[in-house]
Each structure stands twice: as structure tokens, then as C-alpha cells.
Amino acid sequence: MSSDSMRNIRNFSIIAHVDHGKSTLADRIIQLCGGLQAREMEAQVLDSNPIERERGITIKAQSVSLPYTAKDGQTYHLNFIDTPGHVDFSYEVSRSLAACEGALLVVDAAQGVEAQSVANCYTAVEQGLEVVPVLNKIDLPTADVDRAKAEIEAVIGIDAEDAVAVSAKTGLNIDLVLEAIVHRIPPPKPRDTDKLQALIIDSWFDNYLGVVSLVRVMQGEIKPGSKILVMSTGRTHLVDKVGVFTPKRKELPALGAGEVGWINASIKDVHGAPVGDTLTLAGDPAPHALPGFQEMQPRVFAGLFPVDAEDYPDLREALDKLRLNDAALRFEPESSEAMGFGFRCGFLGMLHMEIVQERLEREYNLDLISTAPTVVYEVLKTDGTVINMDNPAKLPQLNLVQEIREPIIRANVLTPEEYIGNIIKLCEEKRGTQIGINYLGSQVQISYELPMAEVVLDFFDKLKSVSRGYASLDYHFVRFDAGPFVRVDVLINGDKVDALSLIVHRGHADRRGRELCEKMKDLIPRQMFDVAIQAAIGSQIISRSTVKAMRKNVLAKCYGGDVSRKKKLLEKQKEGKKRMKQVGRVEIPQEAFLAVLQMDK
């Protein structure tokens, strides 16, 4: 495609923290360009998944192509690619940004800049995008435009003098945003090769069409009937249909360079079209793939088990279907003595895990029990081999282990000054190492290296509570570090419950074991016999608590009388309880498994 025909194309994305009004701004832009009639408009048009709407977050990338007649009389093609805002989905954000030449940085004028926007904005600047700041929610009485501009300049370091102040809710100044997109964001540049290169921004599964991929054509063109090659897998597919979203799906005869649209090539699962991969023509391939592709690595693992064992095949089918849509989800069958058959699943983070579990329960009507989430540890065995271990129950015997290494992340926290003390205290409690503190205007950026295991459980919630909701967090994986780690097992009446095992730092093991036993004592219902709950490291018991038996008062019918008669009755009761204990099994309620999660609370 010539540079002339690309001159009026603008590809842009919106960067914003959760709740800063990104989806509402997108709705207004679609409405103003006539993508949907007023009666077809509904709030958050692009958040198509019901969970996205309820939680007010965007999970998957979506796109929309709109014609816009600018004030200079020319018609421009705006391709808007929606991005997720949560830290768990940062790889999807980087792919969406790679498909654009510019980005709108949306900042809530009342709240100021948050860490997630900073991280995504840095990604955009690194990829050479033109960033246009937009201050949203100026209709709020607490909005402070000048302060927000100063924060953008101090924290992110881009010029905010020409920032557009808008209210997406009322539609104020949305036309100025469109003019800024047209005049400040550059058109796509022609590449040095004329062979087809298309970046896969996202893929999802459609029951009728198979996999539909959202692509940005960098060079060349795709049309129905072309034979395309997926560069990382080496597979070839025949293109059935191509088109754009307006937001409705609209078929086109071809997609040319600079354009963003969807293609359907009868691929059967999402793994056949991985996010971030490059498509090219099988007969005339491009010399190299587009940069930046990486396999998505799950960071958090948990066991998912059906409450009713008969639901196991349904759970397998549901996970298979979800995986069609979610390339980051990994799972493999797992059996546990305490919980029966289920799956060990890998997720990007805690939010991802919650969303997957919620979708399984809601869309497939399954009742599930999830075990405590764990991170992946590297275990160096005495024979020199290194294994990745995502399940504490699978830790080899201690005499075979030379060292255990845990994943370390670099966390950047942005907070108002008055909460610095609380946040540093929290990070120190979580075994953090301080890297630095930067004062940026009225905000402070605190950098820490923290063990991922400490962050995964409840760090985010605690961070919000010690800073009254003002601090925001962004993190990325750095390396594995060795440390003195042990596995704490939970025994109930002498039987090990594998689903409750956890790997902890040696220094915290006694406290965690004690807390766990106390918590379990409150949650396991009383039986007809004593239930002993013990925490152990190997064969050493570090803590114990007992759930006392329910017992009938067998002496009630003895009014006075001989003491030996009473003793006989009590001994008889004791014998009965002993027999009961040998045959009795303790049912462990779901809350007990969740107790492991909420230990520090």
C-alpha cells in the first residue's frame, strides 16, 4: 500500500488505570464518529464479557474502526485498539501498543496519575508512540486540572501543556480529542519490505467461525483465499474472511498495510494463533518476524477441584473451552487424596485466577474448590538437576534437595507522601529489599524487590488498606533467589492433607504453622471424637490444636452412687470414642482451604 493511502489512517490505543474512564471515553468516540446509533449505545460497548462489566475492568483487547471527518474537511480512518488496564494483563497491553502509532493517556483529573498508567505509558514511549494526555472527569467538583497536568509532567515526564480536558460522561470536548488524534498522532510508516507482515493483537474463539484473530497489517495485504503462515508455529492456514469492527463485525474484500481488522482462517484453537505472533504469506514469506513475541508464562498456580466428583469431565471440557479464548491459561490433571480428581491451573496473577474461577462457575454451572495459590519455585536437586515446582505437595524429599529458589519481583508503588511510612513497613514485613524512593511532585515512587509469594496472596489488598486506596502498584518478574525454605504439612488425625501444604520461609514457619492450626480449629466442625490438627516440617511437629469431641453426659442418670460406677460409664464412653476415631473420617469444609490464604489478615 502506498504512503498516500496510509496518510489518513490513525492507529491509537487508550492507556488508563482501572476506573479512570477509558471505556466511557471509547463509547463517546464511537458515538461521535457514528459507529453506533444513539439507541444502540450501551455503557462500555467494548467490554463484551459480563465479568468485565461487573468489575468495571477490561480483560481482552478489542478494536473498532471508525471514519471521522475532521474540521479540515478530510475523512480519516481511526483504528482504536482497546487495552486491559490491570497489571496481570500487561503482555496484552504491550501487544496492543505495538500495533499503534499513538496513544491517549487518560488520567482522572480528580485522582491524578496511578502506577499502572505509568508502567503502560513507559511501554508506549519505549515503542516510540506519540502520547496525547487527556484529563477526564473534569465535571467532578474535586477535579484539579492544573495539578493533574503537573503530575503527568513530574511522574511520567511528558509535556502536558496541550493536554485535552474532557468529561467522557457528559461528552464535553470529545471533538477536541478526535482533532488531537488526527493532528498529533502520525500515520503508519511504510516498511522496508513489501512482503506481508501482520501482528496478532488478540485471538478469541467463536462457536461458528473457529478462531478469529485481531491483526494489525504492517506491510502487504491479506485477502480471503490467501494462504498464511503463523511464524512461531510454522503452521499454514487458508484465510476465509477478513474485515473490521465498526463495532459490529463487517466483512471487507481485503485488509491493507496500516489497517487493523479481524481475520478468520478456520484455526481450531487459540494456540494456533498466539498473541504477539506474526502472520505472513506461505508462498512468499517475510524474511523475519516482527519483534517482541514471547510465550506467556503463568506465574501463579492453584488446584481447582469439583465439589462433586461427577463434574470432573465437565470441568475438563469447560477448561478446554476457556483455553480457546485465553492463551495464558495452563492446566494439567491432578489428583489429591483429600480432594479427589481436579486440575492444576496456571494463571498470570490473582485477578486472572479469580476471573477464570468466576467464569467456570458462572458460564458452566460448576461448583469448585480452589486450593491456596502458589508461585513457581526452582528446586536444585543434589544430583545437579533443576526442576520447576508449582505444587508444594510435589517437593522432593529434603535429603534430595540442595536449594530452593523463589521468584523475586520488582514492585513500583506510587503513593501520596503521607502514606510512605505505612507502605515501607508493609514491604519490610513482606521480606522486601528497598531499591529507591523518588519524589515526583505530590506523589512518591517507592521501588522494592519483593518475593512473589508474598505479593501473590494479599499484598495488593493490604497496600490499598494502609494507603486508604490511594497507592497503586505495578510489578514485573526479575529473577530467582535461593533461600531457607521448608514445606509445612497439615496433618488431621495423623493423615496428611496434601492440598493444605505450603512452602514458607524457615523464619516464618513456626508462626505460619501455629496460625494455620488455630484457624483450622475454628473451621472444622466438631465431630463425635477429638480431631487433632498438627502442622509439621518433615517429621517434626511444630504446632498442634485439638477440636474437642461432642460428648453426651453419661453421668446424668447417676444420682450419687458409687464412684466406680461412674468410672465404668466414662471408660465405656472413652472406648466408644476411640473405636469411632479409627473408622471416622473428617470432612474438611471449603473455608478451611481458603484459611491458608487469609492467614495474615
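Including glycine, each Cβ sits where the backbone N, Cα and C put it.
Annotated in Swiss-Prot:
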BINDING   Asp19, His20, Gly21, Lys22, Ser23, Thr24, Asn136, Lys137, Ile138, Asp139  GTP binding site
DOMAIN    7-189  domain 'tr-type G'
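Counting other CB atoms no more than 10 Å from each candidate's CB, the binding-site residues Ser23, Asn136 peak at Asn136. Following the DSSP three-state reduction, the secondary structure of Gly21 (GTP binding site) is coil.
Between the candidate binding-site residues, Asp19, Ile138, the densest Cβ environment within 10 Å is the one around Ile138. In sequence order, Val106, Asp108, Asn136, Lys137, Ala168, Lys169 are the residues of the chain that are 6 or more apart from Gly21 (GTP binding site) and have a CB within less than 8 Å of its CB. The average pLDDT computed for the domain 'tr-type G' (7-189) is 76.
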